[in-house]
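**Student:** Quick one: structure below, then a few questions.
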Amino acid sequence: MLEKTLSILKPDVIKRNITGQVNSYIENSGLKIIIQKMCLLTRCQAEEFYAIHKSQHFFVPLIDFMVSGPIIVQVLQGENAISLYREIMGATDPKKASPGTIRADFAENIDANCVHGSDSLDNAMREIRFFFSDYELLALNG
């Protein structure tokens, strides 16, 4: 099934200047980057986006990391895009990620793990709308 999913290239990717390499993994998997933009999250935006993790011990360090520098948000499209992107991202902990995945090959540690990807169709729709306006999304269909 043709799907869209949200991808975030986290601050570590931009700081280390490996955006092109990460995008190559995405594109080589058959996924298409249909829209992307760079942004700098405010603390409030980061807390809203990751609200589901508010009670977790890693919430504050996650927010601190996500506001530490620019991110790139992308909408990816392809067959089974959600599960495919999660597969090429690799496990959250890069030590447990399979070789050849983004996190195994590029992530420095579990906190600076390079990428975020939606985990379900509902979350993909919600997360895409969090970062992209109706106008931006309409342009994709026009």
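Cβ atoms here come from the backbone N, Cα and C positions, even for glycine.
Per Swiss-Prot, ATP binding site is recorded for Lys10, Phe58, Arg86, Thr92, Arg103, Asn113, and the stated evidence type is sequence analysis. Positions annotated as active site, pros-phosphohistidine intermediate by Swiss-Prot: His116.
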**Student:** Rounded to a whole angstrom, what is the C-alpha distance between Phe58 (ATP binding site) and the residue listed as 'active site, pros-phosphohistidine intermediate'?
**Tutor:** 15
**Student:** Highest Cβ count within 10 Å among the recorded positions Arg86, Arg103, His116: which residue is it?
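**Tutor:** Result for the most crowded candidate: Arg103.
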**Student:** Would you identify the secondary structure of Phe58 (ATP binding site) according to DSSP, in three states?
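**Tutor:** SS state of Phe58 (ATP binding site) = coil.
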**Student:** In sequence order, which residues at least six apart in the same chain have a CB under 8 Å from the CB of Asn113 (ATP binding site)?
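**Tutor:** Once residues fewer than 6 apart are set aside, Asn113 (ATP binding site) is near Lys10, Asp12, Thr92, Asp93, Pro94, Arg103, Ala107.
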**Student:** Need the DSSP three-state call for Arg86 (ATP binding site) to compare against my parser.
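**Tutor:** In the DSSP reduction, Arg86 (ATP binding site) maps to helix.
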**Student:** Measuring Cα to Cα, tell me the gap between His116 (active site, pros-phosphohistidine intermediate) and Arg86 (ATP binding site) in whole angstrom.
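**Tutor:** Between the Cα atoms of His116 (active site, pros-phosphohistidine intermediate) and Arg86 (ATP binding site), the distance comes to 9 Å.
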**Student:** If you measure every Cα to Cα distance among Lys10, Phe58, Arg86, Thr92, Arg103, Asn113, the residues said to bind ATP, what is the biggest one in Å?
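**Tutor:** Output for ATP binders Lys10, Phe58, Arg86, Thr92, Arg103, Asn113: max Cα distance 20 Å.
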**Student:** Please classify the secondary structure at Arg103 (ATP binding site) using three-state DSSP.
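**Tutor:** In three-state terms, Arg103 (ATP binding site) counts as helix.
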**Student:** Would you mind checking how many other C-beta atoms are within 10 angstroms of the C-beta on Phe58 (ATP binding site)?
**Tutor:** 12
**Student:** Among the binding-site residues Lys10, Thr92, which residue has its Cβ surrounded by the fewest other Cβ atoms within 10 Å?
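**Tutor:** Fewest other Cβ atoms within 10 Å, among the binding-site residues Lys10, Thr92, is found for Thr92.
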